[in-house]
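Enquirer: Structure incoming, see below.
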Amino acid sequence: MARWGAARMAACGPWGRNRRVGAGDAFEASEVRRDGRSRMMPACGPWGAGHGGGDPALERELSRDGSHYSISSAILPSLGARSNRRIKLRRFIISPYDRRYRIWETFLIVLVVYSAWVSPFEFGFIPKPTGALATADNVVNAFFAVDIILTFFVAYLDKMSYMLEDDPKKIAWRYSTTWLVLDVASTIPSEFARRILPSKLRSYGFFNMLRLWRLRRVSSLFSRLEKDRHFNYFWVRCAKLICVTLFAVHCAACFYYLLADRYPVPTSTWIGNYMADFHERSLWIRYVTSVYWSITTLTTVGYGDLHAENTREMIFNIFYMLFNLGLTAYLIGNMTNLVVHGTSRTRNYRDTIQAATSFGVRNQLPPRLQDQMISHISLKYRTDSEGLQQQEILDSLPKAIKSSISQYLFFHLVQNVYLFQGVSNDLIFQLVSEMKAEYFPPREDVILQNEAPTDFYILVSGSVELVEQQNGADQVIQVATSGEVVGEIGVLCYRPQLFTVRTRSLCQLLRLNRTAFLSIVQSNVGDGTIIMNNLIQFLKEQKENSVMAGVVKEIESMLARGNLDLPITLCFAVTRGDDFLLHQLLKRGMDPNESDNDGHTALHIAASKGNEQCVRLLLEYGADPNARDSEGKVPLWEALCEKHAAVVQLLVEGGADLSSGDTGLYACIAVEESDTELLNDIIHYGGDVNRARRDGTTALHRAVCDGNVQMAELLLEHGADIDKQDGNGWTPRALAEQQGHDDIQLLFRSRKAATASGHHHVPSSTTTRVAPAAAAASLIGRFNSEPMMKNMIHEDADLPSRVLPEKLRRKRVTFQNSLFGVISSSQAQRETDHPLSRGGLAATGSPNPSSGSRNAVIRVTISCPEKGNTAGKLVLLPQTLDMLLELGAKKFDFAPTKVLTVEGAEVDEVELIRDGDHLVLVSDEWDAEKMKGKS
């Protein structure tokens, strides 16, 4: 027991007897769930008192059924609360926000309603306790007696420090000095009260009136219900007002009858004058009559059939009617406020409509503009009245919740927009978080032709038409529907909007600000390149529109001339199938063997797409026809897979040899697809059928596993080895026996017998290999070059723009503020900030760090003081320090081992060397002090 008690104390925490739960601690002890609710962390004690870790089943139950009061009523942390521990209340101390304690309080409120009705009734109509009613009173009193005891164990909120006080002594002292006396007095049984009171005060209900003290619980209940989102505020307020009215009528009726019942002359009372034998009448008739007079007095109707007959009743009526004045004012004020609040939106809408109409008439606006004004105001009222104030709601939420909502609603829609095809999910998530949903009524202008490009829109629902003004008349150029984007050309190219965008029906649009968009793209240059490619491709498809054709012509002209310092790669040009741009890039000295992160070169992409002109250009500029990617694939294999015969011929003439790639992989793929034509092509262009994959599996292994007799026979005809083992030691012959392929076993036996008798000649796979036609040509090794287009000055650099018609022509747009200019500036800034890590961007926009030679020409001076050479020699910096030491050995006929600066610091990395540095090559025996002395 001692050990168990120690464990319990450890679980409750070593915080001492006067420990109090802070506001920040209490808030951290409640975990807010996604459904807007929270659950209290287990506290010590039987009411959610865990033993340190807590019961998982209990936690799940609390999590599922936790009340929203934990958020609306729980303690909020003070600013800068530093406590990060989960404080637990003391043993046997109950949190006032515990779910089960809330249930207990709700149950007591039901008993309070009973007490509120029965206490005045017993006081006015019942002379002494009788049977069932007395028993029910005692049962109710017993429950409230339990609550008195329980209150001594409920923590309270200190109003000064806003901390939960869980010290039992302080809890007891606070309760004893506040409400304990009234709670005990209202719980005393009526029988006991009659015995202790004087004879003149031994009325059955006199002491019971103290139970009305419990009504304070009902007031707190209505306060909570008014804040509860699950209950309608209007009906909660109405229910509260009705309860107040009924309680006032009930109490007044009981007091009216009490005055008549206790008056010495029964006939001189309000009820005796109307009903002389009222004592003989049933309790129900007497109660209904009393309520009738009470409610007629409350409503000031006053039929005159019942009225005060003596002084006592007159005095009571005076105070009752004064009370009625205040109650009536309270009721009318509350109901007026509720009704006015419900109609305020309609009143504001009518006022706004009237003001807009007057404005249009006063300023003689065209009818179309007036209709647009009225439609917009009407739509705004409709969205507000139907609870669609989406932007106001989103703006009131934290950024994380707002982003999650936007992603859930619009992510898939934005992902399918042509402009963002192929970009990363991170970019789409950032864009969606910045978008704002808006509603537009039919026939409203969203974008005006020639206005400044500030926003572009994505259609969520509805349709819009693109209108161009020609000869003073509007002509519909195109109709856009859900999932399409409008206004993007003006925003991305930073030019006046080309068209007027007008809604055809009720539309929901996503608006994205140009500044926010370019800010996001500037930090995602690779994705910006993809967006640029998608835009150009879209514009090229709009050949029928002269305006769009002019835009794409100007963009491509600037790209080809190199006027934009953009991260354009050969892969980018080949992916678009733009042989003109590819030729311009190659003429400017870009490496034809540059690759992306997967090792794909431009020749790989051109071969797979079957673009003969791009393949021819790349081969002419020295692209390696046998370049391998990370999977061992070569361009010739890409062309064979796609059945591009002309490209295959070009590659073979350029020296392509399939054996440079992973022919084992190729043969296995052909067998898996059961493609005899592809397998014959592999063998014809230099593939070895006996070559294994990385796991040791050959094509014959694959054919046996698939039970493909046709492919196995074809492989055997070209020299496949039936006894070659894979990585696990299995041969094709053993696999055929193990898997029970009788046809293949028979084929193997017949082939072996024919080979042994010498009657069958097995052709070697090398006998059919095609000799390269251009093997003598020297090929440049493939490396990851920097795909950067240099700025070059041309005579035609200032050609006028031919995009807009003559009558709409503006001054020439420099594109510095367009998407292209932003990407260009961002790329240049990155190179300035990181000169040692310059790299290209592949067609997908992913960074491709340079793994080849240094692109910048760096000249350094090297000297060897040990050989008496201090003047030095000017040389180009090699790629590595080892190569630099080898160069020094050749220049000075000396074997240096270290590279030092003139100050004597040793150089460990070649990237630390800058253009113009003076380097000293020395051996391990060299004394740095000698160099300092000489210097």
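Note: Cβ is positioned from N, Cα and C throughout, glycine not excepted.
Got these off Swiss-Prot a minute ago, pasting:
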TOPO_DOM  1-106  topological domain 'Cytoplasmic'
TRANSMEM  107-127  transmembrane segment
TRANSMEM  137-157  transmembrane segment
TOPO_DOM  158-178  topological domain 'Cytoplasmic'
TRANSMEM  179-199  transmembrane segment
TRANSMEM  206-226  transmembrane segment
TOPO_DOM  227-240  topological domain 'Cytoplasmic'
TRANSMEM  241-261  transmembrane segment
INTRAMEM  289-308  intramembrane segment
TRANSMEM  313-333  transmembrane segment
TOPO_DOM  334-935  topological domain 'Cytoplasmic'
REPEAT    565-594  repeat 'ANK 1'
REPEAT    598-627  repeat 'ANK 2'
REPEAT    631-660  repeat 'ANK 3'
REPEAT    662-691  repeat 'ANK 4'
REPEAT    695-724  repeat 'ANK 5'
REPEAT    728-757  repeat 'ANK 6'
REGION    826-854  region 'Disordered'
DOMAIN    859-935  domain 'KHA'
Enquirer: Taking DSSP states H, G and I as helix and E and B as strand, how many residues of the repeat 'ANK 1' (565-594) are helix, strand and coil?
Expert: 16 helix, 0 strand, 14 coil
Enquirer: Looking only at the repeat 'ANK 4' (662-691), how are its residues distributed among DSSP helix, strand and coil?
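Expert: In the repeat 'ANK 4' (662-691), the DSSP-based counts are 19 helix, 0 strand, 11 coil.
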Enquirer: For the repeat 'ANK 4' (662-691), would you mind checking the mean pLDDT of the predicted model?
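Expert: Summing pLDDT over the repeat 'ANK 4' (662-691) and dividing by its length gives 84.
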Enquirer: How about long-range neighbours of the transmembrane segment (241-261): same chain, 6 or more residues beyond its ends, C-beta under 8 Å?
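Expert: For the transmembrane segment (241-261), the far contacts come to 116-117, 120-121, 123-125, 218, 269-272, 278-279, 286-287, 290-291, 293-295, 297-298, 312-313, 316, 320, 323, 327, 330-331, 334-335.
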Enquirer: Per DSSP, what is the residue count of the domain 'KHA' (859-935) in each of helix, strand and coil?
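Expert: With helix first, then strand, then coil, the domain 'KHA' (859-935) has 25 helix, 24 strand, 28 coil.
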Enquirer: Take the repeat 'ANK 5' (695-724) and count its residues per DSSP category (helix H/G/I, strand E/B, coil), listing them in that order.
Expert: 17 helix, 0 strand, 13 coil
Enquirer: With DSSP as the reference, give the number of residues of the topological domain 'Cytoplasmic' (227-240) in helix, strand and coil.
Expert: 9 helix, 0 strand, 5 coil
Enquirer: So how many of the residues in the repeat 'ANK 3' (631-660) end up helix, strand or coil by DSSP?
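Expert: Each residue of the repeat 'ANK 3' (631-660) counted once, the result is 19 helix, 0 strand, 11 coil.
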